[in-house]
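Asker: Here it is, the structure, as structure tokens.
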Amino acid sequence: MNPFHQRHFLRLLDFSSAEIHALLKLAAELKSTKKSGTEKALLTGKNIVLIFEKDSTRTRCSFEVAAYDQGANITYLGPSGNQIGHKESIKDTARILGRMYDGIQYRGYAQTIVESLAKYAGVPVWNGLTDEFHPTQLLADLLTIQEHQPEKPLSEIKFAYLGDARNNMGNTMLEAAALTGMDVRLIAPEKYWPNAALVTECQKLAEKTGGKITLTENITEGVKNTDFLYTDVWVSMGEPKDVWQQRVHLLKPYQVNMDVVSMTGNPQVKFLHCLPAFHDEETALGKQLAAEFNMYGGLEVTNEVFESEHSIVFDQGENRLHTIKAVMVATLANDLKI
């Protein structure tokens, strides 16, 4: 029996700890069969629509390659290629797409949008990213952690995130900690801590799983003895410059650099980043930010750390493919045994 069949994937807390581990196991198996050339197509004849109100590289490519590998057909609707919320309501869009497609991916803005799609579509809906949550990213992160710490269960992992912790990554890390029993430290100015209600919800669940959730402004204490360091971009294209000024000023001390790596006391500590990263001046925005704030050689992470042996960001990026494939297969394959 497949307990995931026809279910949505909107946020991690929609699943139990055992179910998250089952998805990770399936992702590892699918990755292994792809690498060995023995992968079986379980989604032949399925039609999938990818709705992107925000552009993406990793998420789009992961869904497309995963679908192709599994024999499914895809339709891509980009930021200018759909009428959602403009000329057609979310409710109406969901009901028509649900008649045409077997699964719907949404990457965009409010969590309420993907939840509305799920409510009315009648087919599985997957959250590729919203302002509040990024569950496919955290699933890839957990698989990467398992691969690089195979001798430790997730419940024994110490994990530190530095920077803007009130965003979709910080929120989803709270959920991951609560479900897996990890020791997760969110290290940020208090202004950039996650919503208090979500913190409380996740802390209550963590008490049952053995997880530990810490919010702190203290970098030295926060990163001590951690197995993994993680950060995300501080600014996004399209945000007003006065927001940049305030945010970079407050977050500059939380940059992941070699001093922070040393503070962990763990010479084998690994570095994670959901990408893209402003670690050098080789992009237009990276160059602009470096000049604006006199932070050459990296913003949220230094190029030295990003390119070091500590960095596993490209293993992490690749695992988007395998974990997204696991979600698609688990929710669409009728006869899958998990």
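Heads up, the Cβ atoms here are built off N, Cα and C, so glycines get one too.
Look at Swiss-Prot and you will find Ser56, Thr57, Arg58, Thr59, Gln83, Arg107, His134, Pro135, Thr136, Gln137, Cys274, Leu275, Arg320 tagged as carbamoyl phosphate binding site, backed by sequence analysis. Feature annotation from Swiss-Prot assigns L-ornithine binding site to Asn168, Asp232, Ser236, Met237.
Could you place these features in context, so I can see how deep they sit and what lies close by?
Answerer: The DSSP secondary structure for Arg320 (carbamoyl phosphate binding site) is helix.
According to DSSP, Ser236 (L-ornithine binding site) is assigned to coil rather than to any helix or strand.
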Asker: Calculate the distance in Å between the alpha carbons (Cα) of Thr136 (carbamoyl phosphate binding site) and Asp232 (L-ornithine binding site), and round it to a whole number.
Answerer: 15
Asker: Given the binding-site residues Asn168, Asp232, Ser236, state which is nearest to Ser56 (carbamoyl phosphate binding site) when distance is taken between Cα atoms.
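Answerer: Closest recorded candidate to Ser56 (carbamoyl phosphate binding site) by Cα: Ser236.
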Asker: For carbamoyl phosphate, with binders Ser56, Thr57, Arg58, Thr59, Gln83, Arg107, His134, Pro135, Thr136, Gln137, Cys274, Leu275, Arg320, what's the maximum Cα separation in whole Å?
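Answerer: Site span for carbamoyl phosphate, by Cα atoms: 29 Å.
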Asker: Considering only the binding-site residues Arg58, Gln83, His134, Cys274, Arg320, which residue has the minimal Cα-Cα separation from Asp232 (L-ornithine binding site)?
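Answerer: Smallest Cα separation from Asp232 (L-ornithine binding site) among Arg58, Gln83, His134, Cys274, Arg320: Cys274.
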Asker: What's the CA to CA span in angstrom from Ser236 (L-ornithine binding site) over to Gln83 (carbamoyl phosphate binding site)?
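Answerer: Approximately 24 Å lies between the Cα of Ser236 (L-ornithine binding site) and that of Gln83 (carbamoyl phosphate binding site).
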Asker: Measuring Cα to Cα, tell me the gap between Arg320 (carbamoyl phosphate binding site) and Asn168 (L-ornithine binding site) in whole angstrom.
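Answerer: So the Cα of Asn168 (L-ornithine binding site) lies 16 Å away from that of Arg320 (carbamoyl phosphate binding site).
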